[in-house]
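Sequence annotations record features per position, and here Swiss-Prot assigns active site, proton donor to Asp483 based on similarity to another entry. Sequence annotations record features per position, and here Swiss-Prot assigns repeat 'PFTB 1' to 147-188. The repeat 'PFTB 2' annotation in Swiss-Prot covers 512-557. The repeat 'PFTB 3' annotation in Swiss-Prot covers 589-629. Annotated repeat 'PFTB 4' per Swiss-Prot: 638-689, in sequence order. Annotation source Swiss-Prot lists transmembrane segment at 118-138, citing sequence analysis.
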Amino acid sequence: MWRLKVSEGGSPWLRSVNNLLGRQVWEFDPDLGTPEERADVEKARREFAEHRFERKHSSDLLMRMQFAKENCQKLDLLAVKRGEHEDVMGEAVWSSLKRAISRVCNLQAHDGHWPGDYAGLMFFLPGLIITLHVSGVLNTVLSSEHQKEMRRYIYNHQNEDGGWGLHIEGHSTMLGSSLNYVALRLLGEGPNGGDGCIENGRNWILDHGGATFTTSWGKFWLSVLGVFDWSGNNPVPPELLLLPYQLPFHPGRMSSYIRMVFIPMSYIYGKRFVGPVTPVVLELRSELYNDPYDEIDWNKARTQCAKEDMYYPRSSKLDMFWSFLHKFIEPVLLRWPGRKLREKALATSMRNVHYEDECTRYICFGGVPKALNILACWIEDPSSEAFKCHIARVYDYLWIAEDGMKMQIYDGSQVWDAGLTVEALVATDLVKELGPTLKRAHSFLKNSQLLDNCPRDFNRWYRHISKGGWTFTTADDGWQVSDCTATALKACLLLSRISPEIVGEPLEIDAQYDAVNCLMSLMNDNGGFSAFELVRSNTWLEHINPTEAFGRVMIEYPYVECTSSSIQCLALFKKLHPGHRKEEVENCISKGANFIESSQRSDGSWYGSWGICFTYATWFAVTGLVSAGRTLGNSATVRKACDFLLSKQLPSGGWGESYLSCHDEVYTNLKGNRPHGTHTAWAMIALIDAGQAERDPVPLHRAAKALLNLQLEDGEFPQQEIVGVFLQTAMISYSQYRNIFPIMALTGYRRRVLLAGNI
C-alpha cells in the first residue's frame, strides 16, 4: 500500500531552509495494510474507473483512508450546543458545521498543514516521463509501482473519444493526446495495450492530422524524445537573455512563469538535444503520423496546430516573424562565428537555471519548469550534483489518489490551504475546542515564512524581494506570492487575537512588518497587486504569445484576487497596528479598492484569473471592497456585484459555474444547472459580507439549504467539478476547497443571518 509521509526526507541531496516542513511524499510499502484496508483501496479504484466519464475528479480517498487510521482521535463537538435563539434551521446549520469541522481537523497533517491533490493538468506528467526516459533514470527514479499508478492515471483520464485533454475535464487535444500516448508507451505499454485504449488514442491522433498538429510545447517534448525533428519547431533563442533589459521583450520583463519555462527550454533548444533513439522511439515515429517519418515536411509542421488546441491563434505577421528567425537567424547562430554567440547565450541560460535551482532548493517554479530544469542540468553534466539534487525533489510533485499517480502543478498548496483553513476555523465559535488544530497550523505558518531575499544580487536574476513573504507551497520553494503572503499573514493576525495558551505565541512583530513590506512592494501604480512580481512590460507582448494553448501568459498582470487578499490583510493589520506606516498602508488599501472598482465588468462581475471564474473573482472583489469600507448601502459597485450574483442563483438555491467561463469569458452554468458546493459558498460569503441579509435574506436561506443538502454523511462536502485555473485554459484541482469554503459560508450565515435575527 501507499503511505503519505509529511515533512520527512532522508536523501543527502535534499536541500531545505526549515527541515523540509510541509514536504509531502508518497512511498510504497508492500507490507503495509490489512487485507480489509487493501480491499477498500481496490474498491475505491474500481469505483472511480467505472464512473470516470461522469466523475472526472478523485475524492483523494487514499489519503483520507490513511488519516482516518492515523488521526483516529475524534474531535467531539456534539456537546457544543446551538445558540439560545436558534430555530430548527439554526440547529441544522450548527450540526452541519460541527460535522464538517470535525472532519477537517482529522484531515490535518501532524506538521500543521492540510495535504491534498493539487493536479488536474494532463501535460505535466508526460514531460517528466520524457525527461527521466532520455536521461536514462526512468526505472531508477520510478519504481514499478510508481509506473503502474501513472499508467492507471493516464488511462482513467482518457476521454471517451480516445484522446486526452489539456486537463482532466477538457475536450481532447493534440497536446494532451500525443504526450499521454507517448507517456504510456515509455511506461511499458505496447502499441496494442490497455484493452484497446492505446489503439483508441493512436486513432484519435491520426484522425486529427497526426502529431505534427500538436502545440509548440508538444513539439518541443516530442523533439527531445526524438520523435519530432527540431526543424519543425519555432525558434526558442537563448540569445534573448543577452539583449538589453530595457527592451520590453527581454525575458526578465516577461511573466515569471513564462520566463522560468523559456530559460531552460531555450537551453535545450539551443543544444538541439535529442535523447537516445531506442526501439520504442523508432516505433513511435511510425505510430504518431499519417506520413512516413522521413517524408514529413517539418517546415510546414512548424506552423501546424489542431483547432482543438488553438486558444490563442497566431497572426500571419507572427508566423512571418518565426519564419524569419527559423530560416535566416538560426542558421547563422549554428555556425561559426555566430556559434560563439550561441555558446555565450547557452552559458547565460544555465547560470539562470542554477540560480533558480538554488533559490527553490531544486523544487522549481512548477511542474513544467521542474522537468525542464532537470533535463537542462543533465544535458550540461549527467553526473552533476545539480542533477542529483533535482532527482531527490521529483517525488515532491507526485500525488496518488484512487485515480492513480499524477504530477501536481506545484509541490502542493500547503501555505495557501493552511491560511484559508485557519480563517475558516477562527470564524467559528469553537476556538477553544479547536485549539490543538489551530496551534499546529499557526506553527506551520510561522515557520513557513521566508526569512531572506534570494541570495546575492537577486535583481540581476530578475527576482523580486521575498523577505517576509510566504509562498504558495513551502518555504523551500522560495517564490513569494502576494495573495499567499496576505492570506498567511491574515491568518497569523487573526490568531494573534486569541490567547497564546490556546493557539501559541503570535508571529513576531518584526516578521509581521517584513510581511507587510513584501506585500506592499507588489502593488503596481494602478493600485492592482500582481502575484509574483510587478508588471514589467506591455500587454502588446501577448501578440507574440508562442504557446497557442494559453492566454494572458507573456507578462505579469495585476489581479483582482491578489488585490482583494492584500487589502483585506492590510485592513486587519491597520486595525491591530494603526501606527505602522500608516499613510502607506492606507494608500495601498485605497488604491487597491479603486483598482477593483475600475476592473468591474458591465454586468457587475469580475473575471477570475486563479479560480472559476466570475463567481470566484466577484467573491474576492466584494470581500475586498467591504474591507475597504464599501457595502451594499454606500457602493453602487457592490450593489451591482450582488445583483450579478443573485442573477446567477440556480432554482436549487446554489451556484455552479463551468470552467468554460474561463475559456470563453462568458458566465456558463455547469451541465444540467447543477449546484456546486464551492461556488455556492463563494457567492454566499460575498453576499453576506456585502449586507444582503439586511436587504433580503431569502436568497441566503435558499443557498444555505443547498449547501446542507450537498453535505455527505461523514461531514465532508463532495468533490465536484474543477475550481482552479491559470493562464485562462489550464484548469487545476484544489481538493481542500470542498470543505474550507462551505464552512466559511455556513459560519457567516449562522452568525450574521440567523443569530443576527435576519430571518
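Using N, Cα and C of the backbone, Cβ positions are placed for all residues, glycine too.
Here the repeat 'PFTB 2' (512-557) has, by DSSP, the following mix of helix, strand and coil residues: 15 helix, 2 strand, 29 coil.
Around Asp483 (active site, proton donor), the same-chain residues six or more apart in sequence whose CB sits under 8 Å from its CB are Trp416, Phe529, Ala531, Tyr559, Glu561, Cys562, Ser565, Ser566, Trp610, listed in sequence order. Regional average pLDDT for the repeat 'PFTB 4' (638-689) in the model is 98.
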